[in-house]
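Reading through the structure tokens given below for one structure.
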């Protein structure tokens, strides 16, 4: 598509470039600008130094600069689906445009809410590859539900930049705030796109001020609309000062024209506002601005890029995806302002050095480091998507899975391109590729063996909640187990087990919402309806004092009997101990033959799996064996194992056991007028409020609350705050319950136990 030269009216250009800031008041915050707290990224300085020394650019530099890995995220119904459809059309990824279901019977099915309904091309595949003006753009599927799963973290790790879509009528909505907060946490630079300017009540300037107030964005418009609602005709590019009109049946021809005469003053004002906002966070532009020097389009573009990548500025684009207006300039903005892979800092954790953080160079010259961020069941088996952070991967290479220590050969390397898979021989840092025939789980890291890095922590939090699930119809048992197997591979915090008493399948995870999502995905992706039992909290038991044991297991029943005696003590482990169970053999001499010691340890471990208070596992316990006795004929591994189990049960009560319950760190954001009600409710739930901050009109409350008291909290919070409150919850620790709760739990457990 040809780029047209800018053709604004000469008098407007003259006014803009001669005095870009003549209306700025003298009381401007120059001190802030000149104090110099500007963290400029690895930009022109490095290149200039290299040029001065006469060094050549590395071979990969140019191709890396032309790669963009972006995600598109938005509140539901902001037009994310429609926008993605247009992006794919203009980049030649699809050959006709369909609207979201209903209008033409085909439907744009890249709907983030219904992943498996595709248009015969699997855009739902984790990364869709398209090209725009010599740039390779990977559009990465960002999760629809921003839950506290590990999966979300991984999807955002893979992004280098993002487009945040806002509706020009709805403005900044709750999910917009949630996804923006998530991006800020993972330091993803972003551009905003105000969509639906053709709708009744569209007001982009209201949305821009909401983004500044609610999202704390330091932002300004880089475009402004020509007309609104049904009079929306085109856009004015404030950086290059030109009008853009979109012609053709699908808006594919972008024509640059003159700026309407009646808008010249407003354009001059908005451009000045843009320059002023960017100069507050960029010292190069600030210098020109304070000296009243004219700012050229190229200088402004470079300043916006620096500030956006440093996450100090969010450029705001505008348009109407449905009416095919403003999408191509947005794509230009993605390549102009969002970072290439080398401009983003990525960290790995060195497993040889206690998970110390290591900054990756992002260059293909380094050792291979790649992250498997998404798995897909393809026609040819498991398709694994890899984001390569450093080094080069080639077809036929041997790579090491750091998590499983397995050495694997890369049988087939593909790039997802159009609706085909394009076979490639090699791929280097910054690229996203898919690999067939590798057995791994989501979140595993691959290297060439020279380093032992992982991209995500190897320590997976213990699940805190369980649900009993079973398929409604007996016929769907195969799909049911297939779904559970796949979910376990995708998410290490999701566990599956079998309840030995009731023979039910038990799924465990990080909270109510986490497990609900998997039950819903099972229904949607595998067509399995499952009945769900009442949620159960994963309690633990521990001991609080030392207790001695001395037990003789003796059984004579004709022939060889059973004989084993164990003596020693149990004691609690220190609170900072990494181990949850320790066994130590301190026997001097051969009171018990050394061949029986492993059987004794096994017996104690088995006994600790089920404490006598409520039948939950016992942890933070140290067992020391000091003495014992054996019989030349009757002693056996079984005898000593039984002796250990009974010895543990006998001394357990003397060690004053207590029940531990999972305590959650709950963060709430509620309008200030509901603060008292919400805090009172947290106290009722035995919560301890540890922090209370003010953020605009909202109160942010942090509290430690027992998970057992948090069931159904989202409904309560909605009713207390008229639907305006939101909360996130993550596991903090297991801590001891109060005496009255312990008595209740023990009584409830005893009531359910079968009587002998």
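Note that Cβ sites are derived from N, Cα and C of the backbone, with glycine treated the same way.
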Stretch carrying region 'Disordered' according to TrEMBL (options 1-31, 32-62):
1-31
Residue 80 (GTP binding site): tally of other CB atoms within 10 A of its CB:
25
What average pLDDT is reported by the model for the domain 'Tr-type G' (65-342)?
79
Non-local Cβ contacts of residue 197 (GTP binding site) (under 8 Å, 6 or more apart, same chain)?
168, 204, 225, 228, 229, 232, 318, 319, 320, 325, 326
Other C-beta atoms within 10 angstroms of the C-beta of residue 74 (GTP binding site) total 24
